[in-house]
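Working notes for the structure below.
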Amino acid sequence: MIKITLKDGKVMEFEEGIKISDIAMKISPALYKKALAAKIDGETMDLMTELHKDSSLEILTFEDEMGKWALRHTGAHILAQAVKRLYPEVKLAIGPAIDTGFYYDFEADFTFTPEILEKIEAEIKKIIKENHKLERFELPREEAINLMKENNEDYKVELIEDLPEGEVISFYKQGDFTDLCAGPHVPSTGKVKSVKLLSLAGAYWRGNENNKMLQRIYGTAFTKKSELDEYLNMLEEAKKRDHRKLGKELDLFSIHEEGPGFPFFHPKGMIVRNILESFWREEHTKAGYQEIRTPLILNEALWHQSGHWDHYKENMYFTNIDDGDYAIKPMNCPGGILVYKNSMHSYRDLPLRLSELGIVHRHELSGALHGLMRVRCFTQDDAHLYMTKEQIKEEVVGIIKLIDKFYKLFGFEYFVELSTRPEDSMGSDEDWEIATNGLKEALDSIGKEYRVNEGDGAFYGPKIDFHLKDCIGRTWQCGTIQLDFQMPERFDLSYIGADGEKHRPVMVHRTIYGSVERFIGILIEQYAGAFPTWLAPVQVKLMNITDAQYDYLKKVEETLKENNIRVEIDTRNEKIGYKIREAQLQKVPYMLILGDKEVEAGKVAVRSRKDGDLGAISLEEFIEKIKNEIKAKTN
């Protein structure tokens, strides 16, 4: 008999060799029906896996991230099977699950079209209805290569040949289709109830621009049609809110072929950016942070010392200065460490909180670039905190509260994820345990719900990630708190303790916006371009009905500017209705309309983007109203 420990701590005994699916049935027939995959001792596996030793078990459904992943991974295989049935000469490349669904890359001597996608979708429905079992099997290296050669799958042969010697080579078979795959998958194609093919794109084999361009088909999969319908509605809404489209229409930013991945901020975009950065500075000063600035370019030796060279050099840009090798910084932390190291510190100085709005450069593949969301140059709102081990909990709690304040201001809900030690990590087991427990204790002490993401921490320490949920249900990872014992060790950081001896500080890396550019992109989509008044590039649009009101309009403009209200005027010889419509398209919070009646009464006719016509009021009354709104930072 073997002992199986369930997620709730309950221990059950079963015969050795029992399948996970059978355990799910014994736990609950309802759970068995919903089950898609399982976690055994933290590793995601198929439900058909047999258990031969005592293990911890978590049954995964579509509500779980890895359950969703398994279902969508199977969706990718169903797509490939449908394509091979219809077009046997097509060659398969790769087909993973991704956050929003899945994709598969194909080599074909014809171009996939929307009409062809409809045919493929119809074939997918047949395969789902046929309800083929997914059967895993393994082969020795040579047999695996021969199987793929027989199937004329050159890309699969290349993948196998690149695997290390001794690596397990596994395949999944479903009906007449077999694919090279590590898994996991759901038990049968019938579990994938609803599939939709979404779009087409080009993709270089292995992301290398020197390789062949393949055709990528994107899709998504759900266990219920209602969930798919909801998702498709969200996609339609997202198109209307696309920050690239709105950024152009509202004249906020642009991206040019002379600098792909390097955004240009226009005057209106800079207003939004400067407000966000000013607010960030104010709140950090209140919270006891001191701002620093570090250079963009630093000697290559620094990146070897920090460990970034071993873990990150593919994403870095390099240059040569005076016959020396330098790198443009991809992260701010090593520069911040040099600031700490520049002075001797006492335990009385700790915690020391150093903040930086630092510009970083990271090489992203051209196909991954996306507006402000994925760029090659961005400003990271970093802070690095240095503390004793005893201060970890209190400091992390303080950071969580600061992050919460920021996100609530912008109307975001969010969820929290604790990511633990990855395989590719630095440091001792003891350090990782202290660091991970420190983050857990901070979260537990304030009753913050979180989920554990095993093995997804940074290479130098565990982390807490904050995922924003926007108004149409999408999630964005922005804030992070990363505990680090490794950097202080590598840079020999110290402080003088109460005992007069040198001690090693603990370091915390953290961001709130994450990337200022990306956060602006998220806000554009969150508000659909209609920024709240305090954040709007133009807060008031001032317009006259005829030239007779021009002098009064200029006086009103001057008064608004004296009160630090951002105003634009529209004195064109156009009908007032046209001017109002244009201001509405520009998402301006308030329009002040001036006709002869307003001039005579010394008033302004106010129209609100949100509430429509508010009638005529004195300019003083309007200024008081808008200043109160700006001060309150209401959404």
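Cβ from N, Cα, C; glycine included.
Among the candidates HIS256, HIS266, HIS284, HIS384, the residue that Swiss-Prot annotates alongside CYS333, HIS509 as binding Zn(2+) is HIS384. Sorting the domain 'TGS' (1-61) by DSSP state (H, G, I as helix; E, B as strand; all else coil) yields 14 helix, 26 strand, 21 coil.
The Zn(2+) site is defined by CYS333, HIS384, HIS509, and by the 8 Å test on Cβ atoms against their centroid, the other residues of the chain that qualify are MET331, ASN332, GLY336, ILE337, ASP382, ALA383, GLN482, ASP484, MET487, MET507, VAL508, ARG510.
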